[in-house]
Ligand code: SF4
Ligand code: SF4
């Protein structure tokens, strides 16, 4: 009996000792956590996509709370999120344009002039390593690496060409990061729809004509019609710093005069633009029903 009582007493003393040690360790090793970090974390959408440049929302929340990162780095959360983060941190958020992905290729299957059969792994990364899947070595491969990378189901391969659904797209940039052909670029959307050059081919025009019906041949017609355009290394570019959606007359002329129809609008025309154009052709929005060709084992792209 005495042995049992003694053992119980020792256990109680040990428990008290351990509790005291834990209490002491808790006080001695306590790390002060800025309560704003969890508040910022709550304000973020929690996509953990890395589009802010940090590993995840948690790391960005810490960086924002410490003043290392601005409050408006989360493209998924957009303006309202930036505003909420700025309010938590007691700072102002500057005006920022939304950046959205543009696929610089306009060649669907029927626009590509030379195809060869590809029976390898149906991914753009793999197909890009194999020469001759399609004669244009700059264009969209259409196996949908971008589609699979998108956390928001906002980019789909249709008729062999990746197309963005700008209603769903948050501008996280995941698609641009995975495209092995580097043909998806993030550009500032200064209006609901934006004019783009839908080509990435830098070959001389005579070779472009051999492989694609809509590729840029670098003829310079657009640059002669509008200062917004310049041709570099056989390919037309638009200067988005100078892009002014309120002043597009010359750019519209460039679009109309392009002999390859390689300049187009993407996104949706806004109500004001529809009113201004009053029924004229405002360029076809790049949006279609979801379909995929990625599951095809035989590829004709
Ligand atoms: S299409 Fe998807 S992956 Fe690409 S930027 Fe938009 S949301 Fe991100
Ligand atoms: S845009 Fe998408 S489908 Fe086209 S090559 Fe790049 S990752 Fe592949």
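For all residues, glycine too, the Cβ spot is worked out from N, Cα and C.
Per TrEMBL, [4Fe-4S] cluster 2 is bound by 136, 140, 179; the candidate from 146, 172 named for the same site is 146. Among the ranges 236-268, 269-301, the stretch that TrEMBL annotates as region 'Disordered' is 269-301. Annotation: 146 carries the greatest number of neighbouring Cβ atoms among the binding-site residues 57, 136, 146, 150 [cut-off 10 Å, Cβ to Cβ]. When the binding-site residues 136, 150, 169, 172, 179 are compared by Cα distance to residue 52 ([4Fe-4S] cluster 1 binding site), the shortest distance belongs to 172. Closest to residue 146 ([4Fe-4S] cluster 2 binding site) by Cα-Cα distance, out of the binding-site residues 49, 57, 74, 169, 175, is 175. Distances between the Cα of residue 57 ([4Fe-4S] cluster 1 binding site) and those of the binding-site residues 140, 150, 179 are shortest for 150. Each residue contributes its Cα atom, and for residue 74 ([4Fe-4S] cluster 1 binding site) and residue 175 ([4Fe-4S] cluster 3 binding site) these two points are 16 Å apart.
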